[in-house]
Structures are given as structure tokens and as C-alpha cells.
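Q: Below is a structure I'd like to ask you about.
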């Protein structure tokens, strides 16, 4: 009888291991699919209408974010992983800043380039007092 119980325990343990391995493989597949999705060209950016080329601005901000990460890595002993990201929800056209994510737990607020439009009448971030920002729903 004891061997029967021991055999049940072993079978249940093996079953849990199989399920855990399968779940891990599924999670890795979903992660790689999510990474592939970010490279698609049909991403809709939520920038104001006065931004003539949202994708170009996003790429410029991403480059600034990347360069900032590189300079921080040269000043510190932190790992030099290639992770950096921006989120169009955290681009502030009134205060000409954007949030740059360096690691999953490390963010920094950076300034947008001075030639970035920050208002519907051709205002640029170089003259910060004229920036109007983006009002949702307008």
C-alpha cells in the first residue's frame, strides 16, 4: 500500500513538472511574439495632430533615450543591457519632456529636441513659454 501511495506522489510530481515546463515554453513564445509585434510598421502613436510625422518623432525620442542610457552606463558600473523604451502616453508637449525607460525598474525624464513642435501654431520646444501641450479629446 505504501508503494502505491509513493507511486501516486511521483506521478503527481511528474505531472506538475510537465505542466510547469509547458507553461514556461508558452510564456517564452508569447514574449518573443510580443517583441516581434513592436517591430510592425502599423503602430498608432497618440501624439497631437500638430506633430507632422509621429513615427519620426518617436524614433528621435528613442534615439535620445538610447544615447542617454549609453552615457549613464559609461558613468556607472550598471549592466549595459540594450533595453530602452519610450511610451507615447508619457510625452508631455506642454513641458517638452518625455519618459525614457532604461530597465524594467528604472525611468528617467528627458527633454525633447528644441525643434519639436509643441503647439498647433508652429510653436517649438525651443521657446518653452509658448508650448500648449496636448488636451485629450481636442
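Every residue gets a Cβ built from N, Cα and C, even glycine.
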Q: Looking at 99-118, 119-138, which one does Swiss-Prot call region 'CD4-binding'?
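A: Residues 119-138 are the ones Swiss-Prot records as region 'CD4-binding'.
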Q: Per DSSP, to which secondary structure element type does residue 107 (N-linked glycosylation site) belong, with helix, strand and coil as the options?
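A: For residue 107 (N-linked glycosylation site) - judged by DSSP and reduced to three states - the answer is strand.
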